[in-house]
Amino acid sequence: RLQESRERLSVCSKLCYAVGGAPYQITGCALGFFLQIYLLDVAQVDAFYASIILFVGRVWDAITDPMVGFFISKTPWTRFGRLMPWIMFSTPFAIISYFLIWFVPDISTGQVMWYLVFYCAFQTLVTCFHVPYSALTMFISREQSERDSATAYRMTVEVLGTVLGTAIQGQIVGKVDTPCIESPFFFSLTNSSVAMEELNMTHDTESLTDTRNAYMIAAGVIGGLYILCALILLLGVKEKRESSELQSDEPVSFLQGLKLVMNHGPYIKLIAGFLFTSLAFMLLEGNFALFCTYTLGFRNEFQNILLAIMLSATLTIPFWQWFLTRFGKKTAVYMGISSAIPFLIVVVVVDSNLFVTYVVAVAAGISVAAAFLLPWSMLPDVIDDFKLQHPNSHGHEAIFFSFYVFFTKFTAGVSLGISTLSLDFAGYQTRGCSQPDQVNFTLKMLVSAVPVGLILLSLLLFKLYPIDEEKRRKNKKALQDLREESNSSSESDNTELASIV
């Protein structure tokens, strides 16, 4: 009892730990919703090069996760711990690179390399923060119940972080009226890109000064929150070396573990289903600001519509947690993810209507909540099933989670790259007050038809997912039997040892 009381975490410690998850979500949400429209309309990067920046940045972000995880595992212990130094030293450089992403350099050439370098640099540095932070769960207590409780605090703060990132970036930027170029005649020209370049030469680039300043102010506010959250984490949480002692006797071979994991059927089916789901919602996230601005004509309302999506997602996560415990996780997948389909169809079929758009935003937020919660709820079931099939293989849990994150981030890079490239082929006009019909049609496809098709495909894949509620209960009981058998054998060994002594 004394040992258990020592291992208990205070509410203050749990809150300090949870706050550390906010920077990743705040910056990720701001970049996900606003970076594309910023590159195209504020930095005035060509759509083709913008697609390269977004694609390479996200793919590099996916690659850095296993790399950083490998280097952390080789890091020696210090008086601050093994993980805390990574968080401590990456924070200031991450903030600098994040701020420079939202800065428009006064250079005629090399602008594309500027954004590519600092976007990739930030993704690397935020990974150096988030990977050790995620692993910190295993180093704050040896009590599983305390870890679970701290994780619940963390998920709550992370969801609030997505709302905060959308609100800060959207409200600051939305207060400034970004000037556009009224030139209805250039759409009929055969070489509209040349015409657009000539028009840009006749307009003063200083007309974008207020908009650019607004993006930098938002970056400064978010950077300040990043520092504050990192300080709270570093000062309020103690990394305990003894809490990380593993029960397995033999070191785990990464390649052997990876081979076993990738050959596990339920994991492949689950990850395939959520890959298509993630691709659908990433397309919606990356293009929704452009869709609201140009196709629907809500140039001054898009930041509020985005905020409605994230608020709806935040408020409905407890509902989906109750729903999956009451009706099962596969049922929650079908109901939660498919609920967005009719609303995504309505938003492009019905004429531009602000009320309908807000209704669609709220409905999309409900599905976003389900897509946010369910993967992390279903992955442990897959790991339990794996343990039953491979009872003598231990320590592969990190592979399941890290490669799910890797594939999700890689998919995000592909979706953003393809969507921005599609807009370039359709003839996207930088800073235009309106866009050609081909661009509006492409945006409708990217936020409605393509996501709906991907969601339907993911639902078919989930139909093949074998772990339903009955299977999950059987696995749980079988694991309990294995643990009891292991404990009883351990107790008999201790009794035999005591008799020998």
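Numbers run from 1 along the shown chain.
Just so it is clear, glycine is given a Cβ too, placed from its N, Cα and C backbone atoms.
Values in this document were obtained by computation on a predicted structure and should not be read as measured data.
Feature annotation (TrEMBL): of 158-181, 398-421, the stretch labelled transmembrane segment is 398-421. Range 15-35 is the one annotated as transmembrane segment, of 15-35, 57-77 (source: TrEMBL). Using DSSP to sort the residues of the compositional bias 'Basic and acidic residues' (476-486) gives these counts of helix, strand and coil: 11 helix, 0 strand, 0 coil. The stretches the transmembrane segment (304-324) and the transmembrane segment (267-284) do not meet in space: the count of Cβ pairs below 8 angstroms, excluding pairs fewer than 6 apart in sequence, stays at fewer than three. Outside the transmembrane segment (214-237), and at least 6 residues removed from its termini, the chain residues within Cβ reach (under 8 Å) are 12-13, 15-17, 19-20, 22-23, 26-27, 30, 34, 38, 42, 84, 87-88, 91-92, 94-95, 98-99, 101-103, 129, 133, 136, 140, 164-165, 168-169, 172-173, 175-176.
Where the transmembrane segment (15-35) meets the stretches 83-104, 116-140, 267-284, 441-465, the count of C-beta pairs under 8 angstroms peaks at 116-140.
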